[in-house]
């Protein structure tokens with residue numbers, strides 16, 4: 001049976017139209033570009049339970065820390081926000097972040113030279129990333145974690161983000177150990193800075209697949225800067241933040257796949273072809289840039305092994321780098337960046353305690369006498385600073 005000429009012509013025109021449409025899409029790569037920080041309605045729909053657990057856990061730990069601190073009892077009512085009772089904060093002159101005392105941070109697992117070198121309490125490397133120096137630090141850190149963490153978990157899943165978060169916290173603590181001083185410090189920002197580093201590596205790795213890249217870089221830089229500046233305040237370790245950022249940046253190249261491959265354009269082919277395409281997409285995700293992944297993994301393992309050995313040997317880089325302390329501290333009238341061992345002479349008379357700093361001769365009179373040895377050391381540091 002002979003097919004009419006008009007029908008043949010129509011079929012040829014349709015095929016030519018489909019071929020030209022496919023060719024134009026293949027030649028124009030702009031159709032599959034996505035914004036790095038996409039609108040909520042365009043984001044991948046995933047439950048962000050991991051970040052919620054992290055936030056809730058750190059809030060609970062901060063409440064426990066303030067309960068252990070018990071400013072109303074241990075400081076005889078010389079507290080900020082006295083209405084909170086047991087959970088009130090140390091005076092701003094002692095902790096400008098509205099938080100506990102230095103001895104409480106050390107008791108709860110903060111890092112210090114004495115506890116690590118003399119007492120060999122290595123377990124503090126695992127506890128320090130979960131502590132916060134005060135309420136201001138908690139709000140800023142968790143607010144940034146919610147913004148960055150939810151985005152990363154939606155794009156790459158909870159498992160990879162959990163690995164980056166935990167390993168960055170450990171790496172940051174090890175970096176902090178190399179520069180630790182006699183003053184207790186905490187490294188809760190290290191895990192968060194790991195997520196910032198991973199976000200930057202995800203953007204750099206897929207640079208040609210995103211639009212609005214400059215805006216994304218500006219947002220990442222702003223979050224980084226704000227949290228890094230907070231690290232100059234007492235008890236917050238900026239070296240931990242640096243170590244966490246390096247860790248997250250390297251692990252981002254190792255663990256993070258291309259998020260845009262999860263949102264393929266709709267296909268008009270049959271289901272069998274769609275299954276083959278999804279299978280090849282998953283394989284492409286798994287084996288994308290294997291050389292880069294291997295190099296970054298080796299570099300990460302090398303840095304981790306190096307700082308771990310240095311921490312075990314008790315290396316203190318502050319002895320070889322006198323200006324490094326200013327990466328972690330800005331000296332003011334309220335506190336000093338010098339790593340001196342404070343010593344005070346105590347005199348008790350008429351229900352008053354007088355502490356005199358042996359280093360500079362400064363003294364201060366307190367209207368109480370029955371305080372613990374740890375609290376006395378806190379006040380001595382305050383007098384000598």
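In case you wondered, yes, glycine gets a Cβ from its N, Cα and C as well.
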Quick check on the annotations: TrEMBL lists transmembrane segment for one of 91-109, 110-128, 186-204. Which range is it?
186-204
Have a look at 5-30, 265-290, 291-316 and point to the one annotated transmembrane segment in TrEMBL.
291-316
What parts of the chain pack near the transmembrane segment (186-204), using Cβ distances under 8 Å and only residues at least 6 beyond its ends?
36, 58, 105, 110-111, 128-133, 137, 141, 144-145, 148-149, 151-152, 155-156, 161, 164-169, 171-173, 175-176, 210, 213, 216-217, 220, 223-224, 227, 230-231, 235-237, 240-253, 255-256, 259
Tally of residues which DSSP labels helix, strand or coil - the domain 'Peptidase S54 rhomboid' (120-256):
107 helix, 5 strand, 25 coil
Long-range Cβ neighbours of the transmembrane segment (159-180) (under 8 Å; 6 or more residues past either end):
50-51, 54, 111-113, 116, 124-126, 128-129, 149, 152-153, 187, 189-191, 193-195, 197-198, 237, 239-248, 251-252, 255-256, 303-304, 307-308, 310-311, 315-318, 324-325, 328
Sequence-remote partners of the transmembrane segment (242-261) [C-beta within less than 8 Å, at least six residues beyond its ends]:
32, 34, 44, 155-156, 160, 163-164, 167-169, 171-176, 187, 189-202, 205-206, 209, 224, 281, 284-286, 288, 292-293, 296-297, 299-300, 303-304, 307, 327
